[in-house]
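Notes follow once the structure below has been shown.
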Amino acid sequence: MENDSRTDHKSDTTENLKAEIKRLHSLLDHEKEVNNRYKDIVHSSPSLIAFLKGEELVIDIANKAILDNWGKGDAIIGKPLMKAIPELEGQGFYELLMKVYHTGEVVQAYEMPGTHLVNGVKKLDYFDFFYQPQRNLQGKIEGVGIIATNVSAQAELHNQLKESELKLRQLIDFMPHKITIADTSGNSYYFNRSWQEYTGLSMADLVKQDRSKYVHPKEKEYVKNCVKQALTTGEDLELEMRILDKNGNYKWHLTRGIALRDKVGKIINWVSSSTEIQKLKEDERKKENFLKLVSHELKTPVTSIKGYTQLLTSILAKNKEAKVKNIPMSAYLGRIENQVERQIRLISEILDLSRIEENELEFNKQEFVLNELIEETVQDIRHSNIESTSIIISNSLNCNVLADRGRIGQVLVNIITNAIKYSPDKKEIFINIEKEKENFVSIKVKDSGIGINENELAKIFQRFYRVGAQNEGTYAGFGIGLFLSNEIIKRHGGSINVESTFGEGSEFTISLPYIN
Ligand code: ADP
């Protein structure tokens with residue numbers, strides 16, 4: 001029995017041993033498998049991977065990607081790095097590897113240039129890389145691991161970008177215009193050389209300085225509002241302002257700003273250019289003074305012609321049918337008076353224009369019945385209207401206004417005579433006086449004339465603006481009337497608006513505050 005049990009024990013131990021050996025085998029197989037898998041990953045990786053052993057940095061492991069990159073074949077495995085690839089000398093790689101080996105610190109670099117001989121040909125590449133210390137089980141550094149990526153294409157692109165940015169900056173710097181770049185809140189962080197030369201300040205000083213320091217006090221508020229408007233709406237900016245130079249003189253500039261946007265249309269920053277227009281402004285001022293002088297000189301004789309014509313008309317009034325050698329004197333004098341009246345109006349417009357620009361247009365405000373003024377104005381126009389267009393007035397509101405009677409009359413004459421002038425088919429003109437919003441009366445002047453294109457509507461209130469060159473010869477005028485009318489009405493707290501359909505007619509609406 002005892003023998004039997006010994007035999008059993010022996011066979012048990014053998015079985016155990018066999019099982020243990022089998023387990024160890026499978027463990028070894030597993031480890032081999034894992035090792036192979038790692039090797040596969042390392043060797044098939046597109047990253048450049050190598051392990052350098054010992055102080056001599058002997059190439060112990062190098063994957064296909066790094067061998068291809070070095071361009072010396074796999075015979076270099078087992079050789080010290082600096083012997084295998086001597087051209088690396090002096091490019092900084094060796095020093096970094098030794099630093100990792102001696103200090104154990106990880107080194108990381110981006111787009112580091114490296115020249116090497118690939119199959120005998122010199123090649124410049126750029127690398128992103130990690131150098132990592134490799135330690136044994138006791139923690140002692142045995143070598144250095146390299147994981148790198150060849151980023152030459154990306155680095156080339158960056159270099160090209162840097163170069164073109166440099167060229168652009170040089171171009172901007174040497175432009176005679178003053179260029180600034182500002183962030184989305186309007187704070188300028190770049191001023192080109194022209195700015196620095198003009199103000200005598202460095203870029204840093206200009207960046208620190210508030211814009212209001214170099215803008216003329218008279219334009220400060222205006223500039224502030226224009227900038228605010230552009231920043232809130234994202235619309236282009238265009239304004240004229242005087243900018244202080246290094247000698248303490250203000251010079252006129254035309255400033256334009258645009259928002260630069262990203263792909264989805266979000267504003268990234270603002271670029272503005274300021275061009276000096278001092279000489280233009282001076283010339284413009286000279287021309288204006290000349291016009292003012294000429295108009296003044298012309299007005300005196302014309303006014304006296306009008307006086308004599310009126311005198312003759314009143315003398316002839318007693319004998320309306322009087323004829324000198326068959327010429328109907330009264331009718332002809334009437335025509336002369338109309339023409340002189342027109343001429344006086346044109347000359348007065350030019351004089352008013354310079355007055356308004358110099359802020360010299362004075363208003364003599366008094367209370368009067370608006371409807372009466374409209375009636376009178378229309379009577380006068382009817383009297384001198386040789387085209388005999390019919391003008392129909394309807395009053396749904398009777399009201400008083402506190403305004404300059406003469407100036408409001410001038411606006412009415414301008415708008416009603418325009419309605420006649422730009423209605424060559426002489427259709428009727430309707431004038432409606434009605435209540436608008438609270439305390440505002442509107443005078444609507446509607447014609448069925450040539451009409452105005454939609455894109456011209458806002459422009460007709462600009463100084464000297466006349467629609468279409470084809471109208472120039474057809475309809476007499478300077479393009480000042482609506483500008484003046486608009487300024488006059490604005491200064492009375494009102495506004496003028498227009499609605500029109502090209503070819504069908506226009507409706508001008510004058511809105512004014514009324515008293516009762
Ligand atoms: P102008 O002296 O040329 O009439 P305005 O300033 O009074 O100058 O008007 C500016 C321009 O607006 C005119 O040249 C004309 O083209 C256009 N305009 C004004 N009123 C009318 C209207 N009732 N119908 C069509 N066009 C008009």
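We number each residue from 1, going along the chain as drawn.
In case you wondered, yes, glycine gets a Cβ from its N, Cα and C as well.
Just so you know, TrEMBL annotations are computer predictions that nobody has curated.
These come from TrEMBL:
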type	residues	note
DOMAIN	164-234	domain 'PAS'
DOMAIN	237-289	domain 'PAC'
DOMAIN	293-516	domain 'Histidine kinase'
Helix, strand and coil totals (DSSP H, G, I; E, B; other) for the domain 'PAS' (164-234): 43 helix, 10 strand, 18 coil
Query: How does the model score the domain 'PAS' (164-234) in terms of mean pLDDT?
result: 92
Query: Would you list the DSSP helix, strand and coil counts for the residues of the domain 'PAC' (237-289)?
result: 12 helix, 30 strand, 11 coil
